[in-house]
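What Swiss-Prot records for this protein:
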| type | residues | note |
| --- | --- | --- |
| BINDING | Ser11, Trp12, Arg32, Arg33, Lys106, Ala140, Arg255, Val280, Glu282 | NADPH binding site |
| BINDING | Lys106, Gly136, Lys191, Asp244, Ser254, Arg255, Asn256 | sn-glycerol 3-phosphate binding site |
| ACT_SITE | Lys191 | active site, proton acceptor |
Amino acid sequence: MANVAVMGAGSWGTTLAKVFADAGNDVRLWARREELAEAINTRHENPDYLPELPLPESIKASTDPATALQSADIVIFGVPSQTLRGNLEKWAPLLPEEATLVSISKGVEKATLNLMSEVIADAAGVSSDRIAVLSGPNLAKEVAQEQPAATVIACSDAARAEAVQHAAAAPYFRPYTNTDVIGAEIGGACKNVIALACGMAAGKGLGNNTMATIITRGLAEITRLGVKLGADPFTFSGLAGMGDLVATCSSTLSRNRTFGYRLGQGGTLEEATAATNGQVAEGVISSDSIFRLAQRADVEMPITQAVYGVCHRGVTVDDMIVALMGRTKKAE
């Protein structure tokens, strides 16, 4: 049994708290708001993000980071990617010295173009071999409902990856290990942008041929970027690559796909945000940082560039489609 701290009580953080508790660990969950922590402790549910889904009574929620982090063997960071650094700067003195730090945030930091593992290493002042990434086709609601799913735990220290794997192995949740942190992170961050494109296409009423084209060519550009940054190309054919991409691009539970769908129907960014409970999809933010990261790495990412144009440069979805279909002919 491990002591696990989950820092962030959103839908995915809460779901993973349940997973680790169901796997037999001692789990503490940090929530920003007192009323949410109280609901988790007394009613054993998260009414804001996972209403009516029962949580294990063993999960102890707190608004005090020190309480949540005390004696933790595994610390899971579940806050939005663009807030991770600011939170870590406050939490760093509280982190247990030998704990494995696990990122479940999927994005690229706008200010630095750093991956989340790099943000953790920098802001917390820890060595990279203590940092792991959990990524895969893991829609929070389905996992919380105990529908069978698998994921990848990536860490350069194989022993740490295996320790997290063992701790996360609930009856309905099967973790695999991997040492390719960069590949897992690039796959997780970029798939949100491709899911926006799939949502836009669905909003325009386009069919399966279009979706399959976006997913397949999206995977190609994700792989190009990942390999240029040092990732193993085989990672992108696995759970953290193709698996995560298919789930996020296909499911109506995907916030990024839903957001893109609203844009495809002619909605503005503001209207799409309102339709997703006031939350901007991660892919909207990531399209900017990933597009700039691709430019810096001199990697062509046409779908990402097209989504960036819609989200940040006022390009219409119709014009985006015309531009993508009119690109110079090339070999696959």
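Backbone N, Cα and C define each Cβ position, glycine as well.
Everything Swiss-Prot records as a feature, shown here on the structure.
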| residue | record | DSSP (3 states) |
| --- | --- | --- |
| Ser11 | NADPH binding site | helix |
| Arg32 | NADPH binding site | coil |
| Lys106 | NADPH binding site | coil |
| Gly136 | sn-glycerol 3-phosphate binding site | coil |
| Lys191 | sn-glycerol 3-phosphate binding site | helix |
| Asp244 | sn-glycerol 3-phosphate binding site | helix |
| Ser254 | sn-glycerol 3-phosphate binding site | coil |
| Glu282 | NADPH binding site | helix |
Can you give me the Cα-Cα distance between Asp244 (sn-glycerol 3-phosphate binding site) and Ser11 (NADPH binding site) in Å, rounded to a whole number?
17
How many whole Å apart are the CA atoms of Lys106 (NADPH binding site) and Gly136 (sn-glycerol 3-phosphate binding site)?
11
With every protein chain in view, what's the tally of Cβ atoms within 10 Å of the Cβ of Glu282 (NADPH binding site), excluding that atom itself?
24
Express the distance between the Cα positions of Ser11 (NADPH binding site) and Ser254 (sn-glycerol 3-phosphate binding site) as a whole number of Å.
12
Cβ-based isolation winner (fewest other Cβ atoms within 10 Å) among the binding-site residues Arg32, Lys106, Lys191, Arg255:
Arg32
Least buried by Cβ count (within 10 Å) of the binding-site residues Ser11, Gly136, Asp244, Asn256:
Ser11
Can you tell me the CA-to-CA distance separating Asn256 (sn-glycerol 3-phosphate binding site) and Arg32 (NADPH binding site), as a whole number of Å?
24
Under 8 Å by Cβ from Ser254 (sn-glycerol 3-phosphate binding site), counting only residues of that chain that are 6 or more apart:
Leu139, Ala195, Gly199, Ala247, Thr248
